[in-house]
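> Straight from TrEMBL, here's the annotation block:
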- 119-139: transmembrane segment (TRANSMEM)
- 159-188: transmembrane segment (TRANSMEM)
- 200-221: transmembrane segment (TRANSMEM)
- 227-247: transmembrane segment (TRANSMEM)
- 254-273: transmembrane segment (TRANSMEM)
- 285-307: transmembrane segment (TRANSMEM)
- 314-331: transmembrane segment (TRANSMEM)
- 337-361: transmembrane segment (TRANSMEM)
- 369-388: region 'Disordered' (REGION)
Amino acid sequence: MYLPTNTCGELLPRTFNVPSISHLPTPCFLLLPFKYYLRPSPTLLPLSNSCLLAKSFVQHHTEQRIGQPSITRCLPTEILDENIEESGSSSSKMPTATERINALNPFSKKEAHSVRSITTYKVLTILSWLLSLIVTLYYTVNEPRDGFTIRRRIWDQNYLYPTAFTLNSVIVDIYWIVLFILQVGYVAHLFSSNSDYVNAAASVGSHFIFNNLLHFAFVMLFVRSHFVWAELILLINFANLSSLYFRHNTYPRFIHWPVISAPLAWTFVAIYWNGAIMVPHPHSLVARIFGNIFIWSILVYGGFFIVAYKDYTIGFSLSALAAAIGVAQFHRQVIAFQWIFAFTIMAVLFVSTLVTAYPAATGKDYPWRSRSSAAPDAERAPLLAEEQ
């Protein structure tokens with residue numbers, strides 16, 4: 001067996017007869033790092049200790065030849081302890097099962113993203129957004145021509161089944177046009193040269209893509225009168241957007257409004273809108289009484305986010321949708337409570353929105369609020385005056 005002279009930086013014998021592996025001391029056999037004797041393994045000693053290992057190895061077998069007492073160990077204790085510590089530290093760096101699951105989970109919260117994942121988000125975000133936009137526009141002006149159920153355009157379905165949550169088409173159309181325009185701004189931030197903007201936009205990309213796909217499914221089912229399945233899709237999307245809100249509520253306005261709060265507000269109202277059509281006899285007196293009760297949940301829901309999170313975007317979105325309900329109910333039946341309730345909810349939410357938005361827009365707080373209460377509110381508020 002030949003041992004190179006530069007392995008330890010010292011001149012070693014040109015030839016060296018290595019005994020069989022069975023005669024080697026156990027520590028040497030397990031820890032020997034040289035490729036001449038064992039195949040490299042991650043558990044072997046680092047190359048920095050090769051010099052001491054070779055010297056100890058040669059000394060051990062030289063003493064055996066001349067009859068001197070053999071060494072009881074191949075390496076000093078310090079080297080063995082050092083390598084035990086290194087092996088322990090390397091094992092501690094291995095990702096845990098939870099970390100691996102989070103890495104594979106597209107909905108997990110990540111602070112940074114690889115170039116490959118950002119490219120994937122760019123492609124899927126654009127495709128899903130176009131799918132949502134095209135389907136919404138198409139079925140606003142055209143009705144489906146397949147299937148055996150009642151097939152109508154979106155607003156034909158809205159007026160075909162008058163309920164306590166029938167919406168005004170003009171206001172909702174304006175709502176969605178503004179929302180789609182704001183979402184263009186969000187998509188543009190995925191291509192920004194600012195890495196912070198790109199990572200922030202990519203962090204909510206999975207939920208946004210899922211929202212677009214669910215909205216596509218809802219429209220396809222709604223115009224074909226599959227209201228039960230459409231309601232199920234809305235509930236799934238409500239869970240998706242609620243999870244997104246509570247886990248990513250501190251992002252800037254260009255993300256929060258078009259991706260989180262505005263779609264969430266629409267989904268919440270759409271659950272009542274589609275649900276009222278879904279129930280039997282939606283125009284009956286019992287259905288209208290329940291409608292008079294459930295409409296106040298819009299005020300409670302919006303007020304929660306305004307008070308708890310100082311979120312004026314969801315308050316403004318819900319006030320616009322409450323106005324859509326009020327106008328439609330007024331045109332449908334003047335002598336009724338529903339349109340009065342809807343306009344009351346709209347007014348309260350709108351005023352609360354202005355009161356909440358004033359400090360964010362001007363950078364000033366109200367004089368009656370103490371400094372002690374401003375600090376915790378600033379930590380919870382998702383939309384303080386940040387850079388666009």
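Note: Cβ is positioned from N, Cα and C throughout, glycine not excepted.
I'm curious about the neighbourhood of these features; can you describe it?
Tertiary proximity for the transmembrane segment (119-139) is limited to same-chain residues at least six positions away from its ends with a CB under 8 Å from its CB atoms, namely 113, 153-154, 176, 180, 183, 187, 190-191, 201-202, 205-206, 208-209, 212-213, 215-216, 219-220, 223.
Residues 107, 109, 204, 207, 210-211, 214-215, 217-218, 221, 259-261, 263-264, 267-268, 270-271, 274-275, 277-278 of the same chain, all 6+ positions outside the transmembrane segment (227-247), place their C-beta atoms under 8 angstroms from a C-beta of that stretch.
Using a Cβ-Cβ cut-off under 8 Å and counting only residues 6 or more beyond its ends in the same chain, the transmembrane segment (254-273) has close neighbours at 158, 163, 165-167, 175-176, 179, 182-183, 185-186, 189, 200-201, 204, 207-208, 211, 215, 218, 231, 234-235, 237-238, 241-242, 244-245, 248, 294-295, 297-298, 301-302, 305, 311, 313-314, 317-318, 321, 325, 382-383, 388.
Residues 163-165, 261, 265, 268-269, 272, 276, 279, 314-315, 318-319, 321-322, 325, 336-338, 341-342, 345, 348-349, 352-353, 356 of the same chain, all 6+ positions outside the transmembrane segment (285-307), place their C-beta atoms under 8 angstroms from a C-beta of that stretch.
If one looks beyond the transmembrane segment (314-331) by at least 6 residues along the same chain, the residues whose Cβ comes under 8 Å of a Cβ in the stretch are 164-168, 171-172, 175, 261-262, 264-266, 268-269, 295, 298, 301-303, 305-306, 338-339, 342-343, 345-347, 349-350, 352-353, 356-357.
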